[in-house]
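Below you'll find the structure, written out as structure tokens, and then a few comments.
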Amino acid sequence: MSDNSKTRVVVGMSGGVDSSVTALLLKEQGYDVIGIFMKNWDDTDENGVCTATEDYKDVVAVADQIGIPYYSVNFEKEYWDRVFEYFLAEYRAGRTPNPDVMCNKEIKFKAFLDYAMTLGADYVATGHYARVARDEDGTVHMLRGVDNGKDQTYFLSQLSQEQLQKTMFPLGHLKKPEVRKLAEEAGLSTAKKKDSTGICFIGEKNFKNFLSNYLPAQPGRMMTVDGRDMGEHAGLMYYTIGQRGGLGIGGQHGGDNAPWFVVGKDLSKNILYVGQGFYHDSLMSTSLEASQVHFTREMPEEFTLECTAKFRYRQPDSKVTVHVKGDKAEVIFAEPQRAITPGQAVVFYDGEECLGGGLIDNAYRDGQVCQYI
């Protein structure tokens, strides 16, 4: 059996059950483990709800239980500059961002990783549901977590080969109930703690109210694609492509009881387009353009790839053909896709392996750009 005691692993601990069990498993495997609590958002701000103080108490309790040193590190400035400013800029541009993807890329596997290296870390570890496989030549492949319902490779798709080489995902081979059971068997204080939901800096707070504190709302007209005025919208930033709720219109218009969905935006005219039917023509597209395209392993500057893709978290894979040129890609769908949303991540897979991904700029229907921004 290899001697892990000379290998230092710094664990990102959130105060939740997943990162608690991550630290526990590594400690049981004999590694030299240090726990780090990342404070990314100012919880004294009256506009944001964050349970950082309580979460840190949970980290302290677990670290004491399993016998590892721990520190709290403040990454609020890095988070604001690298994640939150991006989040606001995307909403200003009429897009729907995915801050979790950027948080992993810029904070958990950059700012945190850099800090861990100053502590003499050989690796960092997190409670993400993903796996890494290492080739003999040192190349690392990122694989889906075995728990399909919890697999988080979608959010990790922007990680680089260098970041992955320094990363461990001890929970990747486990399913969530198994993780909770391990926590209970070890008597960890976080064993029954509920999973966090929503974006970390908003917590359980009303998203609309939160966003309006940073971006002034600009109400405008809500219209059908054929020009019927359907009333007023509260501000384009509050709506995402394919959204059903919150429109304030029922099936009464024109006598058709089919539900209404957001089918488009016109940022220049401040118009929100709506249509009836889950598979409304305006929601369907046949290809997309992506930027900030990145692969977890070294790839040629220009190439074509047949693979599968996800366009949102927990969505079944879809067959695609990807034409890559630099950090941009055209992604052609084998079957038309619904509600491809600018700002969201498109993530590429080859079987179990997550190859990387990019950010969706535009969706196209038979060569014509969809009016999604």
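Quick reminder: no glycine exception, Cβ is built from N, Cα and C everywhere.
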Gly94, Gly120, Gly127: which one does Swiss-Prot list with Gly12, Met13, Ser14, Gly15, Gly16, Val17, Asp18, Ser19, Met38 for the ATP site?
Gly127
Residue pair Asp18 (ATP binding site), His128 (site 'Interaction with tRNA') - Cα distance, angstrom, rounded:
8
Per DSSP, Met38 (ATP binding site) is which: helix, strand or coil?
strand
I want to verify one value. Collapsing DSSP to three states, which class is Gly12 (ATP binding site)?
strand
In whole Å, how far is Ser14 (ATP binding site) from His128 (site 'Interaction with tRNA') when you measure between their Cα atoms?
11
Please classify the secondary structure at Asp18 (ATP binding site) using three-state DSSP.
helix
